[in-house]
Structure formats: structure tokens, C-alpha cells
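Feature annotations, reproduced from Swiss-Prot:
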TRANSMEM  23-43  transmembrane segment
TRANSMEM  52-72  transmembrane segment
TRANSMEM  97-117  transmembrane segment
TRANSMEM  120-140  transmembrane segment
TRANSMEM  144-164  transmembrane segment
TRANSMEM  202-222  transmembrane segment
TRANSMEM  238-258  transmembrane segment
TRANSMEM  303-323  transmembrane segment
TRANSMEM  348-368  transmembrane segment
TRANSMEM  391-411  transmembrane segment
TRANSMEM  447-467  transmembrane segment
TRANSMEM  475-495  transmembrane segment
Amino acid sequence: MEISWGRALWRNFLGQSPDWYKLALIIFLIVNPLIFLISPFVAGWLLVAEFIFTLAMALKCYPLLPGGLLAIEAVFIGMTSAEHVREEVAANLEVLLLLMFMVAGIYFMKQLLLFIFTRLLLSIRSKMLLSLSFCVAAAFLSAFLDALTVVAVVISVAVGFYGIYHRVASSRAEDTDLQDDSHIDKHYKVVLEQFRGFLRSLMMHAGVGTALGGVMTMVGEPQNLIIAKAAGWHFGDFFLRMSPVTVPVLICGLLTCLLVEKLRWFGYGETLPEKVREVLQQFDDQSRNQRTRQDKIRLIVQAIIGVWLVTALALHLAEVGLIGLSVIILATSLTGVTDEHAIGKAFTESLPFTALLTVFFSVVAVIIDQQLFSPIIQFVLQASEHAQLSLFYIFNGLLSSISDNVFVGTIYINEAKAAMESGAITLKQYELLAVAINTGTNLPSVATPNGQAAFLFLLTSALAPLIRLSYGRMVWMALPYTLVLTLVGLLCVEFTLAPVTEWFMQMGWIATL
């Protein structure tokens, strides 16, 4: 029997999301206008809480949908205006260009990145050294490329290798269902479980590596670009400004990587089974023998484009998004990708998040119009200049560990800039606060997948169920990194940031604008 019109509408609304989630969103949409009539300030904070809730529930429904509905209603009832949203989007055009073009550009360099990580995995036998290599490689790549892309590449390598061994273990050459272990005998299952543990630890090291590298440069994370633009910093300025905090954090993060592997804490320490290594090595040898001259030229071209990318970013030859567009043009032209649909695939990863970011800016417009963060900022600014740095770092860290970094970073840098323009803080203090905001937004956010987009991407990928990587297990495995990165970052903001920045100024390496 066919379902009723009402039931059909209910099923279509937010698709496969749970009924309680759909009901919660409908309640939000009904309650918000009523509370706005009574107290716009309370309604504004309620909207922010609801939006953070949609981000935290990203596994139930992509936040663009519920967040977008809340943002549309906010504009309709007068919490902000469509004109103000347009101004926020225009002010952050560089970030949108970064997401649209840079992420798509790196898509056409995936073959090179796959080659790099495959070589690392098979050529380094020591698990401690391999983990460190994955962490360092992910950190270095994330300093120049998009973290999501780096994680996507590592996921591709892991899924590929898992599939190769799964087919051998199940004794079926055409093994398409990688989640079906029913055809695998007991001995192979033990080895497969060990292999899963090995891949889990590598993925977590790589994920944390993207956070360690991503915080260091203005292109490492989208919010970095927003903060750099607000402070008027270019690539080199940003790197030097952050280094009093980010360099010690990087060193301690890498030491943590070695420590958890050595002591086999928090689910780390599993080695690559020798049987699996033999199978993977055999497959890699076969692939190398089949590689044509055309394939080799593609890898060489992608490496040259990588050099161009790093050089163009370091010398600030153009806006970041435009450099990404140049990568798309060069990579497609010189590797023979000419089909419109093949080029279009590169944009599928970034455009949903670009749309979500536009919704962020709508909520930011509400925050500005309703002056929601004014009491918090006033509280922080009443403290001494030295204490302000730690307070900004802590408030950013708490919010960014459960919400999206771009959202949090944008809110706080806007408030700090407004305080500077009103004369509440000096330009010099504002620049130090920008560092505290950036590091506070990036470092503690490794605590949960909600905070790090790369972690969320890993959790929702096809790989996660294969290697038994759940939300809880990810939080547990991230815990040692969360503690070390957060505490070392806080200590550096407290004790090294101001004196080292002052020394850089005396040396003439940086200057207050």
C-alpha cells in the first residue's frame, strides 16, 4: 500500500536522518522566531548553539542542510540581512577561492602523493620510523596543501592495500565486498585484525600530522587564511608569527608519535604483518613493471607543479585560490585530462564544504548584528594583556574541539579586530591575539572528529568501517595528542610567544603594520 502524502513528505525531509533529528530541527525552526520576538540576544545565542549542534551531528546529516535552513530563517525574521551576508562572503572571497580551486588542483596531483605514501609504507620496516614518516609527510604536505586532500590520499592508499590483502585472504580474485569476512579462515582473520590495527594507527598519525602542519602556514587550514587576511600577513609573515608556538608543538607532537608507538599506548604499536608485506610488495613490483613512460612523465610533471605551488605560495605571487587555479590548468594540460566530466570530479570534494562555509558566514553576520560575543570579549579584555592571550587560546580551544574551526576562528578574529579598531587593544596586542586565536582554534581541535575536518572526513570515509575505526576509538587514539598539543600550545602562548615575537622584530624579520 502506498504511503500517505504527509508520510512521504516526512521521509523526504532530510532523507535518511533519524526521526528525532528531523523533529529537533523542526522545533528549532518553530522556536527561534518566537524567542527572537522576546529577546533577540537570547535568540542569537540559541541559533549559534543549534548551529554547533548540526556540526556535532555531522554523521547524522551533512550540516549544510539543517544549518542552511536555520540561516535562511535567521535572514527572513531579521536576525541579519541578506546584504550583510553578501558583505561577509565578499570579505572572505579568498577563502572560498582556496576551497574551490586549491583542493581541486591538488586532486590532479593525487598520483604523485599516492606514489610518495606507497613508497614510504613499503620501504620503511621500523613501525616507529614509519609512523614518524607518515606524520612528518602529512604535516609537510598540509602546510602547503589542503588537509582534506592529504587525508584523502592516505585513505586511498590504505583502502587499496586493504583490498589487495583482503582478496588474497578470502581466496577470491573478484572480492568486491571488503566488509565481508565470511570467506576468510581463522588464521587469515588474526593477520587481518593485526593489519587493521596497523592501518588505524597510521591513519591517526597522518591525521594529527595534518593538524601539526596545517597550523603553521596561512594555507594550511581555511581559517588560517581568514586570520592572515584580518592581520594583513603574507605567507612568510604568518609562518614566522606562528613559529614561537607551532615549532615547539610540532617537536612535541612528533615525540608523542614515537612515544605512543614505543609504549603501545592508546591502541598504537601494531606492526605490519610480514605476510601482508609480502603480498603488498608483490603487487607494487607488478605495478611498477606495468608503469609506462607516459605514466612516469605524469609523475615528473606533477612533481614540477608541486615545486611551482610551494614557490608561488612562499613568494605570494598571487591570491591562494588563483595559484590553485593555475595548478588545475597546468596539471590537466600537461597530463592529458581534457574531458569536462573528469575535470568536474575534482570539484565534488570541495564544493559542499564551500557552500557550508557560506552558511557559516550567515551565522557570523547574525553574531555581529546581535553583538553576541561582546560580553565574552569584554570579559577577556578586562584581563591584563598577558592574560588575554591565554584566555583567547582557551576559549577558542574549548569551542573548536566541538565545533568547526573556520566558524570559531572567524568569530574570534572578527571580535579581536573590532576591539583593536575601537581602541580597546593596541595593534601589537591584536597581532599577538591573532596568533593565540589561530593556534587555539587549530591545536585543541584534534580532540574530536567534530573539530578537525580531516578527522571527520576519515570517520565518514569507506575506510573507517573496514579498519574498525569508530568515533569513540578515534577520540581515544587522539587523546595523547590532544593533551600534548593543547598543553604545549598553551605554555608557548603564555611564555614564549611575546618574547620571541619581540626578538623577531628586533632582528627585522617581522614588522608591525
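Placed from the backbone N, Cα and C atoms, the Cβ positions cover glycine too.
Most Cβ pairs under 8 A with the transmembrane segment (391-411) among the ranges 23-43, 52-72, 97-117 are made by 52-72. If one looks beyond the transmembrane segment (120-140) by at least 6 residues along the same chain, the residues whose Cβ comes under 8 Å of a Cβ in the stretch are 150-151, 154, 157, 161, 198, 201-202, 205-210, 212-214, 250, 253-254, 257-258, 261-262, 268-272, 277, 280-281, 284.
Using the rule of three or more Cβ pairs under 8 Å, pairs at least 6 apart in sequence, the transmembrane segment (303-323) is in contact with the transmembrane segment (97-117). Sequence-distant contacts of the transmembrane segment (475-495) (same chain, at least 6 residues past either end, Cβ-Cβ under 8 Å): 200-201, 204, 207-208, 211-212, 244-245, 248-249, 252-253, 256, 259-260, 265-268, 386, 389-390, 393-394, 397, 401, 435-436, 439-440, 443-444, 446-449, 455. In summary, the transmembrane segment (238-258) lies against the transmembrane segment (202-222): three or more C-beta pairs, each 6 or more positions apart in sequence, are under 8 Å. Sequence-distant neighbours of the transmembrane segment (23-43) (same chain, 6+ residues past either end, Cβ-Cβ under 8 Å): 14, 50, 53-54, 66, 69-70, 73-74, 77-79, 370-372. Recorded stretches compared: 202-222, 348-368, 447-467; the one with the most Cβ pairs under 8 Å to the transmembrane segment (52-72) is 348-368. With a cut-off of 8 Å between Cβ atoms, the residues of this chain six or more beyond the transmembrane segment (447-467) that come close are 55-56, 58-59, 147-148, 150-152, 155, 158-159, 162, 178-179, 196, 199-200, 203, 207, 210-211, 353, 400-405, 474-475, 478-479, 482, 486.
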